[in-house]
Amino acid sequence: MSRAQLTRTGILRMALGGGADPLLPAEGGGGRRAPFLLRALRIAVVVCLYWFTSIAMVFLNKYLLDSPSLRLDAPLFVTFFQCALTAALCLGLSLGAACGPPCSGLPALRLDPKVSRSVLPLSAVFIGMVTSNNLCLKHVGVAFYNVGRSLTTVFNVLLSYLLLKQTTSLYALLACGVIIGGFWLGVDQEGAEGTLSWTGIFFGILASLCVSLNAIYTKKVLPVVDGSIWRLTFYNNINACVLFFPLMVLLGEFRTLYHFDKLGSPSFWGMMTLGGVFGFAIGYVTGLQIKFTSPLTHNVSGTAKACAQTVLAVIYFEETKSFLWWTSNLMVLGGSFAYTWVKGLEMRKVQEDPNVKSSERNETGV
């Protein structure tokens, strides 16, 4: 869920629009005639891979950002390294395109300063998104992380109305109301248990806003890179690496790194690299899950994954939570599921109605 959000957003848009993802395996006609058990097993493997990658990424980032044994107070450096690794992996896959499948469909990547400047406004939002996500995770527990940044759906509805003049159905608004209620109940319960971090809450709300803005700016900027989400990911992360440097200087993170006692530790750099690889891989496994199921099923799976992640975090960190705390999580998860389901039904209804205008079709999405 951090910098990989851009990749996930692009893959989801391509899945909804019918576009092909060059990193995903092509599915021939024979795939539809596969035995039911084989198809069910394939779907189960893909869903498990998505769950494992996403949950592992969150726990790895929590370790890098807030581990008592690591004691590294440089969240921007962690984010910078992961952005640099993402850009390097994009470039590496592009250079391997000549080797044939599965990379043969990837576009050639080269740095064009003009394109980079055009992508810069999105990159500023992207930096806000990945930084606030990581800062939220740094200041709140993994168990509360899902609730802390749960207002993305609410901001999607709000910004769609303010910027795009798109209205939302009553049932979808009711689902948003449940999410808001779960968020405030969660904040209240964190305060009652003495584990509330207003800094974490602030960055969680900011992360939710930036994720929504990122989706809107991505749609505007995609034509600049010929609609290629992988080219956009490359430029976005290159820009982010450049912009992170003055921020790290301003916040004194280079001084922190100079005094960091594990800077020469292979295990530290191994964990940093592993976190970056998982962050990049989440985009690919998200695309696989959408391809072998559906966008709606992917969102439902993501909601169930968030529930499993919360339970695992409570068990792993040996935390004790109240009934109302669990109720807040269920409200957020239930509201998110209900919103996804309502928007899915609305999209299906719009697509099946030949009398609906094309402009109205564009106003409905998952």
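Residue positions begin at 1 at the first shown residue.
Just so you know, glycine gets a Cβ as well, placed from its N, Cα and C.
Per TrEMBL, transmembrane segment is recorded for 40-64 (among others).
Per TrEMBL, the feature domain 'Sugar phosphate transporter' maps to 42-339.
Taken from TrEMBL, the feature transmembrane segment applies to 76-98 (among others).
Annotation source TrEMBL lists transmembrane segment at 119-137 (among others). Long-range contacts of the transmembrane segment (119-137) within the same chain: residues 1-3, 5-6, 58, 61-62, 65-66, 75-76, 78-79, 82-83, 145, 148-149, 199-200, 203-204, 206-207, 210-211, 213-214, 217-218, 220-221, 224-225, 232, 235-236, 239-240, 243-244, 247, each at least 6 residues beyond the stretch ends and with a Cβ under 8 Å from a Cβ of the stretch.
Taken from TrEMBL, the feature transmembrane segment applies to 143-163 (among others).
Residues annotated as transmembrane segment in TrEMBL: 170-187 (among others).
Positions annotated as transmembrane segment by TrEMBL: 199-217 (among others).
According to TrEMBL, the transmembrane segment annotation covers 229-248 (among others).
Here TrEMBL flags 268-288 (among others) as transmembrane segment.
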Proximity of the transmembrane segment (143-163) to the transmembrane segment (76-98), 3+ C-beta pairs under 8 angstroms: no
Outside the transmembrane segment (76-98), six or more residues from its ends: residues with CB under 8 Å to it: 2-3, 23, 61, 64-65, 104-109, 130-131, 134, 230, 233-234, 237-238, 240-241, 244-245, 247-248, 251, 253, 256-257, 272-273, 275-277, 279-280
Residues of the parent chain within Cβ reach of the transmembrane segment (170-187), under 8 Å, 6 or more residues beyond its termini: 144, 147-148, 150-151, 153-154, 157, 196, 201, 324-325, 327-336, 338-339, 342-343, 346
Chain residues outside the transmembrane segment (199-217) and at least six past its termini with a C-beta under 8 angstroms from it: 5-6, 9, 121-122, 125-126, 128-129, 132-133, 135-136, 138-140, 144-145, 148-152, 154-156, 158-159, 163-164, 187
